[in-house]
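Asker: If you look up TrEMBL, you'll see 6-32, 44-64, 76-101, 122-147, 182-201, 222-243, 255-278 marked as transmembrane segment.
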Amino acid sequence: MAIPIILRFWLLLIFMIPSILSSIFCLYYFLVDRTLRKALNNHVIIFILFLCLMYNITDIIWLIHYFRTSSSLSSTRIFCLIWVYSDYASYVSISCLTAWASVERHILIFHQNLIATQTKRFLFHYLPLIIFSAYPFIYYIVIFFILPCKTVPDYTMPRCGLVNCVYENASIGLWDGLANNIIPSFIIVIFSLALIGRVWYNKYRMGQRFQWRNYKKLTVQLLSISVLYSAFLFPPMLLYTAYSAGLSYDVGAEFYSSSLFFSYFVTLLIPCVCTVSLPELRTKLYKVTRMYRRAIPVISMRMLPISRLGDGRTARVAPALS
């Protein structure tokens, strides 16, 4: 069953606010705290959180406006191009970085010799971060702003219908679907499951030789995000793969449309998941909430003795700050 427009509006609006606050909270402590900032396993998370924040304050907000009014925020072609560009570039970059994080966790836990020197650290850590962050933004600049697009903007459609620019050329559409969507989704799921298997094997078969405490945080950090992809993005990507292989588009059409909508919750929930899955951030969040509660004065009602005022009025109860 299709999800009503008004329900889509409220779902995105309700989840967007805590998502943005969580993004700002996480990024602040990741960048300010020197220990968190220098940890190699946090670098890809910082990139992902920043892109999630940018995606939520642009594409999600514009989409919320569309679901409220059934029209684009601005009826100009340039705005529609910026909208569809920010959507595709940011989301694909987040997916590619998460796929890389799924691979990199194996390096950080089981192949630390690959990051033992400065040169190796650049090749196997920093260079992939740069490539997977920059590639989607460069690729979609070419697609939406350089290559000609015959699609006429329809301001009553999400992103004005300009997503069709990606698929006007069959080869480009095939590359976009395969390399930018299907492969990252499968990498996230496969390498996350492989990580669980390798960690389990080393923990229970090797005993004390495997220091689980040292790697628990790395594993939980990745798996928390991977679960979101497995739940919200992997199902539509399975159908998309089947469609690409020749399955009729009539099969599971409504489910495919609804599952694509729920894929937005990947970027909405990643900041919240990061906040609760990392012990350092949980501790800082607890301290912040305690300070906030102390800063709010508590209003209590104190019973005062009944006293007769000069004009015959009676005072009984008065609020007091404590």
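Every residue, even glycine, has its Cβ placed from backbone N, Cα and C.
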Asker: Please indicate, using numbers and ranges, the residues of the same chain that are 6 or more beyond the transmembrane segment (122-147) and have a C-beta under 8 Å from a C-beta there.
Answerer: 40, 43-44, 47, 51, 81, 84-85, 88-90, 92-93, 96-97, 99-100, 104, 107, 114-115, 162, 165-166, 169, 172, 176, 180
Asker: Using a Cβ-Cβ cut-off of under 8 Å, list the residues of the same chain that are 6+ residues beyond the ends of the transmembrane segment (44-64) and lie near it.
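Answerer: Beyond its ends, the transmembrane segment (44-64) has Cβ neighbours at 9, 12-13, 16, 19-20, 23-24, 26-27, 30-31, 37, 72-73, 83, 86-87, 90-91, 93-94, 97-98, 100-101, 104, 129, 133, 158, 221, 225, 264, 267-268, 270-271, 274.
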